[in-house]
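Copied over from TrEMBL, here are the features:
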- A:3-182: domain 'Electron transfer flavoprotein alpha/beta-subunit N-terminal' (DOMAIN)
- A:R202, A:227-228, A:241-245, A:258-265, A:N279: FAD binding site (BINDING)
Amino acid sequence: MTILVIAEHDNAQLKGATLNTIAAAAKLGGDVHVLVAGSGAKAAADQAAQAAGVAKVLLADGPALAEGLAENVAAQVLAIAGNYSHILFPATAAGKNVAPRVAAKLDVAQISDILSVESADTFTRPIYAGNAIATVQSADAVKVVTVRTTAFDPVAAQGGAAAVEALDAVADSGKSSFVGREVAKSDRPELAGATVVVSGGRGLGSAENFKILDPLADKLGAALGASRAAVDAGYAPNDWQVGQTGKIVAPQLYVAVGISGAIQHLAGMKDSKVIVAINKDAEAPIFGVADYGLVADLFQAVPELVQAL
Amino acid sequence: MKVLVPVKRVVDYNVKVRVKSDQSGVDIANVKMSMNPFDEIAVEEATRLKEKGVVTEVVAVSCGVAQCQETLRTAMAIGADRGALVQTDAELQPLAVAKLLKALVDKEQPQLVILGKQAIDDDANQTGQMLAALLDWPQATFASKVEVSGDTVTVTREVDGGLETVALKLPAIITTDLRLNEPRYVTLPNIMKAKKKTLDVVTPEDLGVDVAPRLKTLKVSEPPARSAGIMVPDVATLVDKLKNEAKVV
């Protein structure tokens with residue numbers, strides 16, 4: 001049994017989500033190979049080779065793979081899929097984009113967003129916004145899986161010494177092309193991997209008021225998040241959204257400020273170790289999951305909290 | 001240009017579902033059902049493309065039980081011109097739905113298929129990508145902006161860390177994200193008009209598609225409950241608890 005993990009990277013840097021996915025692969029038992037498909041991605045492949053538990057890194061380097069277009073990356077995975085019993089992707093925007101394309105071409109079901117590995121063919125996954133956990137068994141010859149990264153502790157980034165083997169890169173499909181990218185600049189830790197997250201909701205009232213969370217996030221070394229209501233109202237950028245259809249986070253500490261706690265939001269953060277809620281409505285559902293709840297006006301409580309920390 | 005919009009009937013997003021005590025699934029008897037929210041966004045986008053004159057016909061399709069006809073009527077009240085239901089009582093998984101949709105695409109020959117990015121019941125986020133693979137068409141998932149010009153569609157996608165824009169050669173597959181548009185409310189006159197629109201019903205057998213589930217659900221259980229928290233009277237107590245009890249700061 002050999003397992004293939006599809007690396008997430010930006011050619012220069014291997015993304016943390018890859019290490020969590022390797023950890024899920026290690027639970028299956030068997031050799032773990034990592035595919036780095038990119039352009040000028042030798043650096044990312046070298047980092048993957050150092051990750052603990054990796055037996056081999058396959059580097060497919062070609063212009064068609066530069067921007068991670070689904071058509072080309074899926075073709076690259078399919079070129080070597082025959083050698084593997086399991087193909088694992090991180091359940092990130094990039095992984096979710098490509099994995100089902102690979103599964104359909106192989107005529108197998110895909111298992112989305114697994115929370116645990118029960119055995120080589122049985123996995124658990126959340127359904128209905130995390131309100132139920134399904135245990136599913138696959139009878140397919142190849143298991144194509146996406147891994148919820150917050151459910152698996154990352155393997156060590158150092159200590160491995162896998163060989164890097166070059167593969168022939170696929171040609172461009174000619175059906176899609178990359179136009180551009182707008183990356184939100186931030187000095188804060190990445191939301192999905194942060195150990196502390198401070199999130200704001202509709203209660204903040206405006207994009208201007210949202211800045212009240214900055215000093216708190218600075219003090220805690222936290223990433224900033226937001227509820228869908230805050231994102232839709234334009235208080236915070238799209239990629240800050242935490243919830244069923246946004247990012248899934250599981251930090252050590254999650255501070256929810258002015259967030260009521262709709263089930264769609266809870267789906268994205270209820271696996272956090274400690275949850276703190278600050279809301280002036282004592283009836284808000286967020287208090288149902290909070291370890292520590294404070295009923296107060298956030299405009300007073302947040303500056304006070306910054307002072308007290 | 002013709003657009004195909006697949007829509008799914010799901011438990012309404014406001015309903016908090018309960019797991020059945022025998023762990024065979026969630027209890028959806030007598031629960032309010034609605035159109036999957038992402039599919040509403042897909043129907044709205046197709047309708048807007050039609051209103052701009054880019055699209056000539058919008059066909060809504062659904063796969064599942066007979067009651068999915070209600071979902072199709074809603075799509076037609078938003079603006080779809082006609083509907084098609086692949087009726088079956090069998091459990092449908094994304095791969096099976098993608099195969100049924102491929103059969104419909106082969107029949108209808110649309111230039112564009114717009115789907116929701118995921119259904120809020122199985123949370124799979126697979127069908128659009130699978131359909132693209134089966135048809136060998138390009139895909140743009142998690143769309144927040146769609147522009148059609150000539151034989152190209154330019155789509156802005158929501159990705160981790162920001163936005164990304166790709167250009168696809170038609171025919172193509174798009175899946176919608178939340179911020180693509182705000183679906184309109186259906187009006188009573190449009191609901192009445194939708195009742196007169198054509199709705200074809202076929203079966204998976206008619207389409208020659210095997211819909212047998214590939215994944216076996218062994219059990220469905222409640223997520224682990226969080227232990228009850230406490231309310232703190234003031235910020236000082238909160239900080240004290242975080243430092244000395246939870247030890248997270």
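Each residue, glycine too, has its Cβ placed from N, Cα and C.
Within the set of binding-site residues (A:I259, A:A262), the lowest number of other Cβ atoms found within 10 Å of a Cβ is recorded at A:A262.
Ranking the binding-site residues A:Q241, A:Q244 by C-beta neighbours within 10 Å puts A:Q241 at the top.
Averaged across the domain 'Electron transfer flavoprotein alpha/beta-subunit N-terminal' (A:3-182), the predicted model reaches a pLDDT of 97. Neighbour counts were taken as the number of other C-beta atoms within 10 angstroms of each residue's C-beta; across the binding-site residues A:R202, A:H265, the minimum falls on A:R202. Closeness to chain B is evaluated for the binding-site residues A:R202, A:Q244, A:H265 by Cβ distance, with values under 8 Å counted; counted residues in sequence order are A:Q244.
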